[in-house]
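Here TrEMBL flags 6-39, 46-62, 68-86, 98-118, 177-197, 218-234, 240-266, 278-304 as transmembrane segment.
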């Protein structure tokens, strides 16, 4: 079977799975992206366009324009951008950079279009689902007797409901961050799985630096500082800029932690004494018992590492 036919079949099956197996739709979207990236390495540009066009037609025929719009902007756009770059023999980090940029643009277009057409980006529906979950949880607390345990501790039902409402309100207001993380994480997975499969087949399509040699672009530090400023300025009266800032922070923190962990593991790696084991144990214990502290710590390390580059990764 030729590479073209095989990649057509894999991509079409992935698209079908996205629609008819909603529980596995995210995994299917990752496989779709991997198939498109592989097509960039193995096929001609016109064949890539044929595969992508066939996928889009299938999705449109199965779902209509609204669902197609979601899959196209969240997963299809970054995947086809990375596929075209792969066809031009670009490296791992070029694919990653423009894949993430395409994902951010795609999600932004999705939210903007949804707001202009529907007057909402899905927050109301998401909030309704959370409220339904809250009501079901309260009923379960009552039936299981757990509510009585809380009341014996001095926590009333109204206080539990109020706490859950506040929590769900904040979660629903961070739906944009969830959208962005979903798309960005998909880019990471598409690329990493492509790298893994190509290495397994002895195909050196992509080269990735060791994890301990990865560093965040310094420009993203200023994006985080801007977001933090918006969050602080709007915090007092919960102005819209507060939620803009907090959504950007929510997107940035997992990425910064990733690179902060790379910097920490680099330092641990170069230690050749028994102190290495002690540091690993401390890191694990902090993660288990003081997760918020370790999040703040890794975030700070990731930020300063991007600015200072004390590992000299960029030189």
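Glycine too: its Cβ is placed from the backbone N, Cα and C atoms.
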Outside the transmembrane segment (177-197), six or more residues from its ends: residues with CB under 8 Å to it: 26, 29-30, 33-34, 37-38, 74-75, 78-79, 82, 92, 95-96, 99-100, 102-104, 106-107, 110-111, 121, 205-206, 208, 246-248, 250-251, 254-255
When counting Cβ pairs under 8 Å to the transmembrane segment (46-62), the leader among 68-86, 98-118, 240-266, 278-304: 68-86
Tertiary contacts of the transmembrane segment (98-118), as residues 6+ beyond its ends and Cβ separation under 8 Å: 69-70, 72-74, 77-79, 81-82, 85, 176, 179-180, 183-184, 186-187, 190-191
